[in-house]
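Q: The structure's right below; bear with me while I get my questions together.
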Amino acid sequence: MRITISGLPGSGTTSLTYHLAEMHRLDVISAGEVFRQMARERGLTLAEFGSFCEEDPSVDKLIDERQREIALSNTHIIAEGRLSGWMIQEADLKIWLKASLECRVRRIFDRDQFSDLTAAMQATKEREACEALRYQQYYDIDIGSLSPYHLVLDTEMWTVEQLAIIVSSAIQTLQKSE
């Protein structure tokens, strides 16, 4: 089973991905973790690294191509990343997670230890605008389009455990139909 989990920053993609991976013994490829690690290695914030990626498209493309290669060579995997649902068209189940900007900013504030919510809001808006522009320029993808996704879940409505139950039900249904 190949699964993709996508969503905007702070929507809960990483939390759900690792929860499901443990439940279903699936390998994980996380574009966001790779992106954050590359930013840290360069001593840049996510917004700064996003701007750097605007200047050097090879970084984004490298992450996306590597994720696709690994996903296609493995049949028991969850690919987590903003574009995973677009890039891994062969996935059995493509999920988009959504949450309000305010909710996502609170999560990002807690996760990334911003000095205040205003700074987290500003950084999140800058990052999202930068990413949307890059995806449109590089791949002609409108990140706001949900067209490739089979399942859209609101992460403000349910806990990660409840979301995992919903997704597990979809996985079981797909496995029965194979």
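Placement of Cβ uses the backbone N, Cα and C atoms for every residue, glycine included.
These numbers come from a predicted model, not from an experiment.
Per Swiss-Prot, the features are:
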| type | residues | note |
| --- | --- | --- |
| BINDING | Gly7, Leu8, Pro9, Gly10, Ser11, Gly12, Thr13, Thr14, Ser15 | ATP binding site |
Q: Suppose we draw a 10 Å sphere around the Cβ of Thr13 (ATP binding site). How many other Cβ atoms does it contain, all chains included?
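A: The answer is 26 other Cβ atoms.
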Q: Where does Thr13 (ATP binding site) sit in the DSSP three-state scheme?
A: helix
Q: Starting from the Cβ centroid of Gly7, Leu8, Pro9, Gly10, Ser11, Gly12, Thr13, Thr14, Ser15, which together make up the recorded ATP site, report each further residue of the same chain whose Cβ lies within 8 Å of that point, ordered by sequence.
A: Gly32, Leu97, Ala99, Arg104, Arg107, Thr155
Q: Do any residues at least six apart in sequence from Pro9 (ATP binding site), in the same chain, have a Cβ closer than 8 Å to its Cβ, and if so which, in order?
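A: Listed in sequence order: Gly32, Leu46, Arg104, Ile108, Thr124, Arg127, Glu128.
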Q: Of all the binding-site residues given, Ser11, Ser15, which has the fewest Cβ neighbours within 10 Å once its own Cβ is left out?
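A: Looking at the binding-site residues Ser11, Ser15, the Cβ with the fewest others within 10 Å is that of Ser15.
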Q: Just counting, how many other CB atoms are there within 10 A of the CB of Gly7 (ATP binding site)?
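A: Around the Cβ of Gly7 (ATP binding site), 26 other Cβ atoms lie within 10 Å.
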